[in-house]
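To start, the structure under review is shown below, and the notes come after it.
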Amino acid sequence: MGLKEDRWITDMALPHNMIEPFCENQVGKNVVSYGLSSYGYDIRVSNEFKIFTNINATVVDPKNFDEANVVDFIGDICIVPPNSFALARTVEYFRIPRDVLAICLGKSTYARCGIIVNVTPFEPEFEGHITIEISNTTPLPAKIYANEGIAQVLFLQGDADCEVSYKDKKGKYQKQEGITLPRILK
């Protein structure tokens, strides 16, 4: 299983629509950088956010998630409260090939400010926007800039196609659009 380089990412993104929209260059002046890098792709966070709140004093339960736990926000700058959490989504829509697994890591620009980004792996044949988990670990409010970089995706190509892909098993987040809250298959 090898890490894929910029030429491969471009070859998969443009003719095969693996990443839409696709930025062929790294954009980094006066913004948190995004676009193609040497061995990855820096994804952007959209302007849609769900910010966790304790106003309704409910319990966060992944098996029975209460939407009262979050407040919807749309804007160019999202302020994540101290020691709090927000969900967002990528600007980019992904179509992962059957022989590829993608792993996402937070950007150092945000990490150095105490903002931790978590995204689970993009499984083979996953398709959709990526829901991004953003944690503000600081005792201060933190700014997240919409339409700028938030994390980097690394693409790992297997030696052969997997037996069962995310699409084959009808993954619960397949073809998700917007920010998708926790789901449990029943």
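A Cβ is built for glycine as well, from the same backbone N, Cα and C atoms used for every other residue.
Predicted, not measured: the structure shown is a model, and the values here were computed from it.
What Swiss-Prot records for this protein:
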| type | residues | note |
| --- | --- | --- |
| BINDING | LYS107, SER108, THR109, TYR110, ALA111, ARG112, GLN152, TYR166, LYS175, GLN176 | dCTP binding site |
| ACT_SITE | GLU133 | active site, proton donor/acceptor |
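The structure, with features from Swiss-Prot marked on it.
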residue : record                             : Cβ neighbours (10 Å)
LYS107  : dCTP binding site                  : 19
THR109  : dCTP binding site                  : 16
ALA111  : dCTP binding site                  : 13
GLU133  : active site, proton donor/acceptor : 14
GLN152  : dCTP binding site                  : 20
LYS175  : dCTP binding site                  : 12
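When the Cα atoms are compared, THR109 (dCTP binding site) and GLU133 (active site, proton donor/acceptor) turn out to be 16 Å apart. Reduced to three states, the DSSP call for THR109 (dCTP binding site) is helix. Cα to Cα, LYS175 (dCTP binding site) and GLU133 (active site, proton donor/acceptor) are separated by 18 Å.
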